[in-house]
Ligand SMILES: NC(=O)C1=CN([C@@H]2O[C@H](COP(=O)(O)OP(=O)(O)OC[C@H]3O[C@@H](n4cnc5c(N)ncnc54)[C@H](OP(=O)(O)O)[C@@H]3O)[C@@H](O)[C@H]2O)C=CC1
Ligand SMILES: O=C1O[C@H](COP(=O)(O)O)[C@@H](O)[C@H](O)[C@H]1O
């Protein structure tokens, strides 16, 4: 996204390409951000359309795109699943999802939306395409044979390879874009096998490996703040930063995703996926340009300098009561919490600990990246530690915060921590996009800059390998807490900033 400040110049072409979707209309009275709609007729196949992700994120994102008039005139969304839903049943399902998670269209918008929803049941594999080929045929009759085909795999990762092979076997791969949810693989070996399968059916340009944390407004501000502001850019180095925290505690449990979650756990669900990608955004070297390829390359390159995780520097936890959740194995050892210390072996970050933490059923929900600056030795004597912090909230529309030490006004010289906050939604004419809206829009337009590449993911799995080979036993922790006490010790002598 490109924001043009009052009186500011329009962004260069490279920046416009990188952020692609927002074209600023600058008038003196009002500057409105308008987004380029996708023009090409589209058939969007949503595998896993009755699942949690589809209900909470993908279907609401589609409705938002429709309300914002960002979809082409001609489009159809086909839900796919193993069940036998009629088109009507599926429309009811989508309606319920929107009632719960929004947005809430008026009658007219809903009528226009629902008539474009179809369902193709009876599963989809290479031996049996279920109803999908017939329903795609039905969709093409409506929107034309030249419609682009987008397949979105909102299904558990174990099914990615089978669906990919089936796309190839049934002639649905050619010219299509295929979106893979995370995690792309569940181990170094399964990543390699999956990648080989995918590349045997698709060209890399057709592949969109989504990590929705890269689509969050504040995540994109990580590099904007740094590369566009000398104040921050100059500090972005081990000489000034003493530690970094990437902290995503959740009050949310596993909802009704037991089958997926019990086979996945926090390390795969969050740590080696979202938290690593955010760490790469924080630590990448300046890209050669803001073009899609350069940005992607810079993000992926730094992951190669992540030091393989030492299991002794990782704490796993499991909330009490997890094993009683319906669908969870009675003796499950799945991690619902992980805290890890990560090191980055390059000249910019050597010796700076990166503290990463996430977990289910914790005390609060927050998504925060904090760069803690070193404490200066100056005329003040001893200053409090962790009191000068550049921090980003990744939740919602995002926020940039700076904690600094200031003299409290008054006769005495009291130096106290104070916070300056910049909620991004309050920027003039801000038009924040939820991550799934933005990323699906990018997919429709063919912009891959915010999607991951196999070289970066291959490095991710190398970093994860020692932990996967030698998992510490998950420690129990009470629901509503901050996880196992060992996680506090992992941060020592520092403290976790969230929850202080
Ligand atoms: N939920 C979330 O908050 C997020 C999830 N993700 C990712 O999205 C993907 C899906 O997650 P989520 O929706 O939570 O998972 P779900 O467990 O809800 O599964 C989604 C759907 O996949 C289908 N499915 C499940 N198992 C199989 C199987 N063995 N073979 C074929 N189809 C199957 C089911 O549909 P049916 O029974 O109709 O066939 C199910 O409804 C995962 O990769 C996850 O990491 C990413 C970001 C957030
Ligand atoms: O990918 C996932 O992300 C969500 C958290 O993302 P948010 O944008 O909803 O905050 C997490 O709850 C889920 O377990 C995981 O699969």
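All positions are counted from 1 along the displayed chain.
Note that Cβ sites are derived from N, Cα and C of the backbone, with glycine treated the same way.
Remember, TrEMBL labels are computer predictions, not curated facts.
Among the features that TrEMBL reports, domain 'Glucose-6-phosphate dehydrogenase NAD-binding' is placed at 45-221.
Under a cutoff of 8 A between CB atoms, and with a sequence separation of 6+ in the same chain, the neighbours of residue 82 (NADP(+) binding site) are 121, 122, 123, 130. The NADP(+) binding site annotation in TrEMBL covers 48, 49, 50, 51, 52, 53, 54, 55, 82, 182.
TrEMBL lists 212, 216, 250, 269, 360 with the feature substrate binding site. Residue 250 (substrate binding site) falls outside any helix or strand according to DSSP and counts as coil. Note: residue 250 (substrate binding site) has non-local neighbours 358, 359, 360, 361, 362, 365, i.e. same-chain residues 6+ apart with C-beta under 8 A of its own C-beta.
Taken from TrEMBL, the feature domain 'Glucose-6-phosphate dehydrogenase C-terminal' applies to 224-493.
All protein chains shown were included, and the count of other CB atoms within 10 Å of the CB of residue 274 (active site, proton acceptor) stands at 24. Look at TrEMBL and you will find 274 tagged as active site, proton acceptor.
Restricting the average to the domain 'Glucose-6-phosphate dehydrogenase C-terminal' (224-493) gives a pLDDT of 95. Checking the recorded positions 250, 274, 360 against ligand 1 with a 6 Å cutoff on the Cβ atom leaves no residue at all.
Pairwise Cα distances among 48, 49, 50, 51, 52, 53, 54, 55, 82, 182, the recorded NADP(+)-binding residues, top out at 21 Å. Taking CA atoms as the reference points, residue 52 (NADP(+) binding site) and residue 274 (active site, proton acceptor) are 18 Å apart. Note on proximity: of the recorded positions 48, 50, 54, 274, the one nearest residue 216 (substrate binding site) is 274, by Cα distance. A Cα-Cα distance of 8 Å separates residue 212 (substrate binding site) from residue 274 (active site, proton acceptor). For ligand 2, the neighbouring binding-site residues among 50, 52, 82, 216, 269, 360 are 269, by Cβ distance under 6 Å. Just so you know, of the binding-site residues 212, 216, 360, the Cβ with the fewest other Cβ atoms around it within 10 Å is the one at 212.
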